[in-house]
Amino acid sequence: MSSKRAKTKTTKKRPQRATSNVFAMFDQSQIQEFKEAFNMIDQNRDGFIDKEDLHDMLASLGKNPTDEYLDAMMNEAPGPINFTMFLTMFGEKLNGTDPEDVIRNAFACFDEEATGFIQEDYLRELLTTMGDRFTDEEVDELYREAPIDKKGNFNYIEFTRILKHGAKDKDD
């Protein structure tokens, strides 16, 4: 009994609180997708992602990672990478990169009237002709769940919120 209490005290330190917040950050379907990704990387199915798992996964994608590269990736984790740590690391990355205002400002460059909307046809043209060009099929996929009103206005402020926090629950 006393050893269980000692273990319980050990697990209640800061990392445990951080991970519980991470689970609250994602909805159940997102967690399931992360679990599937974790299982694909965990090649030896031991419940942990190690250097060999990373190497095998990257090799299966046609990459030939160096030991230094793999070590750098492994060193981003403060300890063994189980699913909870994996989710925590993704949560930190998702929160730490491309803040909402950066995404919003990227869209705002094409919203001369500062309305929060871009005409869907204009956005399609931009996405298929500039930068890393989308195919029409990719734009169709984007628009399937995008906040577009009946007048064809793409609500990029709401879209940015969806990107960062997920879609609002709907009863299917």
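The backbone N, Cα and C atoms fix where each Cβ goes, and this holds for glycine too.
From a predicted model like this one, the values you see are computed outputs, not experimental measurements.
Annotation source Swiss-Prot lists N-acetylserine at Ser2, citing similarity to another entry.
Positions annotated as phosphoserine by Swiss-Prot: Ser20.
Across the range of the domain 'EF-hand 1' (29-64), the DSSP-based residue counts are 23 helix, 1 strand, 12 coil. For 29-64, the entry in Swiss-Prot reads domain 'EF-hand 1', with the evidence type sequence analysis.
Sequence annotations record features per position, and here Swiss-Prot assigns Ca(2+) binding site to Asp42, Asn44, Asp46, Asp53 based on sequence analysis. The Cβ of Asp42 (Ca(2+) binding site) has Phe48, Ile49, Asp53 as same-chain neighbours under 8 Å, each 6 or more residues away in sequence.
The DSSP breakdown of the domain 'EF-hand 2' (98-133), given as helix, strand and coil counts, is 19 helix, 3 strand, 14 coil. Look at Swiss-Prot and you will find 98-133 tagged as domain 'EF-hand 2', backed by sequence analysis.
The domain 'EF-hand 3' annotation in Swiss-Prot covers 134-169. Taking DSSP states H, G and I as helix and E and B as strand, the domain 'EF-hand 3' (134-169) has 19 helix, 4 strand, 13 coil.
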**Request:** Note the Cβ centroid of Asp42, Asn44, Asp46, Asp53, the recorded Ca(2+) site, then list each other residue of that chain whose Cβ lies within 8 Å of it, in sequence.
**Result:** Ile41, Gln43, Arg45, Gly47, Phe48, Ile49, Asp50, Glu52
**Which listed residue (Asp46, Asp53) has most other Cβ within 10 Å, given these are binding-site residues** = Asp53
